[in-house]
Amino acid sequence: MSMGDEPLYPIAVLIDELKNDDIQLRLNSIRRLSTIARALGEERTRKELIPFLSENNDDDDEVLLAMAEELGVFITYVGGVEYASVLLPPLETLCTVEETCVREKAVESLCRIGSQMKESDLVDFFVPLVKRLAGGEWFTARVSACGLFHIAYPSAPEAVKAELRSVYSQLCQDDMPMVRRSAATNLGKFAATMEASHLKTDIMQIFEDLTQDDQDSVRLLAVEGCAALGKLLQPQDTVAHILPVIVNFSQDKSWRVRYMVANQLYELCEAVGAEPTKSELVPAYVRLLRDNEAEVRIAAAGKVTKFSRILNSELAIQHILPCVKELSSDSSQHVRSALASVIMGMAPVLGKEATIEQLLPIFLSLLKDEFPDVRLNIISKLDQVNQVIGIDLLSQSLLPAIVELAEDRHWRVRLAIIEYIPLLASQLGVGFFDEKLGALCMKWLQDKVYSIRDAAANNLKRLAEEFGPDWAMQHIVPQVLDMVNNPHYLHRMTVLRAISLLAPVMGSEITCSKLLPVVVNVAKDRVPNIKFNVAKVLQSLIPIVDHTVVESTIRPCLVELSEDPDVDVRYFANQALQAIGNSMTN
């Protein structure tokens, strides 16, 4: 091949590969479009590559998706913004294919290109494209068109703007539910680009039609539009037009629409403002909390705290609290779990007195729930209640339940309790902790689940940091060291883990006098797993203890282990000896 023919080579390869039966080759060539475009240069990319891609009718969705994605970032390869319009034809074709993800990616790329195009080009090329898609024979084209109006509208002349509003209105009344769904989804974006005068007339009429659609899949998307439109309208218009729709939707015959309202209610409250929320939306929310569908109650229960914050404590106690009591004994475990994950946040809203009288009994009933997820969600948020009612009351009422959960049959619940212990310890203080929870912390070291034993060892380290080395020396270290003779080798391994974690907190003196002799003694264990863990622990102690101790105690022990019959013991002993050598050179 001569030098002059070389620029032809990439396009020839691309065309060959795009026609290849092997999908992977076709995909690779599409993903290399930018490289090929650079090789061809801007003019040949516009005149040869883009037309070729427009005619390419590949039937594999993966290839089409890759093409839609590549073309979205292709402006620089065709010569910049003034030539951006050449990218529209292939993307227009992709907007009409059957596969949803290809169409969505093509629309996304068109929006990206349209947002960079010059105003004159938008009017000459982009607006006609939107109108062609909106009038397309296949519903796929009309679905795609809905996502492009917000790019085309701002630059269009007044007459064209009126036409675009009219076309969008027709799409909202399309025979195909998929088109109406797309129109409902994109209504907020389109409305955001529109003049205020048309918002109240055209858009509100379109919105009203969507809210009365016979398909629940369209109505539930209109719920999202409520929040978006509410933020664009004046407060009085929001109350007049949006509020009645929300109230009606909260009683919709389809549970999916009611679920959507329950999920979006906090955003809807922000859109209509505080006063209308108290008068109109509280009854709607109470209805949702008592809905006969569990999915709706789950969504509503998850918003209890957020909704209570909008109200004052009086209204929350009067309207929301009775529903919370009902939900705490709901027949669905998922409803109770959703409630448990947020109910603690109500304590600051209700204040100390109402929390003690009304919320504490609910916490206790959820702490004793038969499902572990419900109990977990309560445990993990206890600190929010402590801030409101104080530690004395918390310990009297909730601590017995916590102690009970510490021995729960579900290991994840026990794990959550362990992780919460250091926080609880700092709140309860050292005296109370020793009396009530100290024994539990030791018991966990011998749990039958590894994750619990490991968490228990970490817990001891955090407690030693919280209460100091002197306290740990008195209450933790002796009991940990007593367990080193446990007949079960896994428990002896947990002791080694605890020693390696406690040593940095306890400091050099206690480590040398109390911890190190025990580790050296355990090196004579008959189980290889114990011995190589001894080597690991000794390696971790090297930076903590004095150099003379390393030479007199640690090195001889490691030398002995390095001659062990077991290959793993020898490996870890040699690693530790190497670490001693490195520390000496440093």
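Note that Cβ sites are derived from N, Cα and C of the backbone, with glycine treated the same way.
TrEMBL lists 10-48, 164-202, 203-241, 242-280, 281-319, 320-358, 359-397, 398-436, 437-475, 476-514, 515-553, 554-586 with the feature repeat 'HEAT'.
Residues of the repeat 'HEAT' (203-241) grouped by DSSP class, helix first, strand second and coil last, total 33 helix, 0 strand, 6 coil.
If you average pLDDT over the repeat 'HEAT' (320-358) in this model, you get 82.
DSSP places the residues of the repeat 'HEAT' (320-358) in helix, strand and coil in these numbers: 33 helix, 0 strand, 6 coil. Below 8 angstroms of C-beta separation, residues 441-442, 445-446, 450, 453-454, 456-458, 460-461, 463-465, 469, 521-522, 525, 527, 529-530, 533-534, 536-537, 540-541, 544-546, 549 of the same chain, each at least six residues beyond the ends of the repeat 'HEAT' (476-514), sit close to that stretch. DSSP states for the repeat 'HEAT' (242-280), grouped as helix (H, G, I), strand (E, B) and coil, give 33 helix, 0 strand, 6 coil.
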